[in-house]
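*Asks:* According to TrEMBL, the feature repeat 'WD' maps to 14-56, 58-100.
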Amino acid sequence: LRSGADKPQSTFMLSGEQIGATCVTPHPTQRHLLLAGGEDGSVTVWDLRESASPATLLSAHSQAVSELQFHPDRPEHLFTCSNSGELWHWNTTSFSKFSALNTLSNRPLDENPWLSNDAVKHRIEVSQLMPPLHLPVNSLDLNRSRLVCGSDTEAVYVIK
């Protein structure tokens, strides 16, 4: 992702739409994948090997995504928070199980849920980790067993 020059190495745009990226994170084990949270609440997945258009565009929060982060040890888990006061857990474990079952057939299937087509995107389980706040959740961090987030409610929340 980094270049020694003082100019961008790559530019990514959604077909000419001007939607601001509010946060970005690389996939921890598949470094060619870059996820970006948008000011429109979307999560966009870019495959850096083919950057002409996004690999996947996921409708997510109703307002801007404040932060997104993969679990440090379990990259099948993604966490997002938003200006709409939501804190979500994206779990692709069931997608992997479904993919393993389909390998028994002769049909080829891309086992990467972040590069999936519209027909299988619904297999990514999204759950709310706490009741929505009426003010933005600005940031989150996590370790193996705890998630911490901060909000405009002037509170820090710890989720075990």
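Using the three backbone atoms N, Cα and C, a Cβ is placed for every residue, glycine included.
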*Asks:* The repeat 'WD' (14-56): which same-chain residues, six or more beyond its ends, come within Cβ distance under 8 Å?
*Replies:* 1, 62-70, 72, 75, 78, 80, 82, 84, 112, 114-116, 121
*Asks:* For the repeat 'WD' (14-56), give the DSSP counts of helix residues, strand residues and coil residues.
*Replies:* 0 helix, 20 strand, 23 coil
*Asks:* Of the residues in the repeat 'WD' (58-100), how many are helix, strand and coil by DSSP?
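*Replies:* Summed by class, the stretch gives 8 helix, 18 strand, 17 coil.
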